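If you check Swiss-Prot, you get these features:
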type: REGION; residues: 1-32; note: region 'Disordered'
type: COMPBIAS; residues: 13-25; note: compositional bias 'Gly residues'
type: REGION; residues: 99-161; note: region 'Involved in binding clathrin heavy chain'
type: MOD_RES; residues: SER104; note: phosphoserine
type: MOD_RES; residues: SER193; note: phosphoserine
type: MOD_RES; residues: LYS210; note: N6-acetyllysine
type: MOD_RES; residues: SER223; note: phosphoserine
type: MOD_RES; residues: LYS229; note: N6-acetyllysine
Amino acid sequence: MAELDPFGAPAGAPGGPALGNGVAGAGEEDPAAAFLAQQESEIAGIENDEAFAILDGGAPGRATRRAAGGPDAVDGVMNGEYYQESNGPTDSYAAISEVDRLQSEPESIRKWREEQTERLEALDANSRKQEAEWKEKAIKELEEWYARQDEQLQKTKANNRVADEAFYKQPFADLIGYVAAEEAFVNDIDESSPGTEWERVARLCDFNPKSSKQAKDVSRMRSVLISLKQAPLVH
């Protein structure tokens, strides 16, 4: 008795004529067998495409996984996103982040750079603070120097006034003044030039008209000396 296939067709001998419903049909193709062969061919092609995609580093598509019809057709989908069971990145963004992580600087270098930045900022702040302190100190010292100079000048003026008053109050002050003028005249002789003789003579005279120490009227002599000083005689 011949064996029957799942669709009720008797299984013929390999290479023999196909029989349908007990009737021999030489050259007639079984539609069920052709359909199964076509499905197997498509499944084999899909599996080959998935294999090539995985080798290229890509994840199999959602439609492709569902078309395969296997029990793990939806294993690669979670919360609307694809994931890959391997250790590699799932997409280009993950790959970029992975490269950045691998190429990122070590923790020690990052800490050293942060410490250097903080140290430079502290040095800049300290330099600005010291500069402000030096400027303030320099201004203060300059003001103190000007104050000391002014005080010394006032003291010098006061001492000079006291010395002048004491000199003129002492006896023979006029004589001392004449002697000093004569000494100055003698010192100028060596350095004199022609035509300045009367000018040197005028230095020895007191031309103050209000002087009360003069017992005689010397106004005429005073006028003569002044005229000779202004217009010396020509030899």
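Using N, Cα and C of the backbone, Cβ positions are placed for all residues, glycine too.
Structure coloured by features recorded in Swiss-Prot.
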residue: SER104; record: phosphoserine; Cβ contacts under 8 Å, 6 or more apart: none
residue: SER223; record: phosphoserine; Cβ contacts under 8 Å, 6 or more apart: none
residue: LYS229; record: N6-acetyllysine; Cβ contacts under 8 Å, 6 or more apart: TRP198, GLU199, VAL201, ALA202
Tally of DSSP helical, extended and coil residues in the region 'Involved in binding clathrin heavy chain' (99-161): 60 helix, 0 strand, 3 coil
DSSP state at LYS229 (N6-acetyllysine), helix/strand/coil: helix
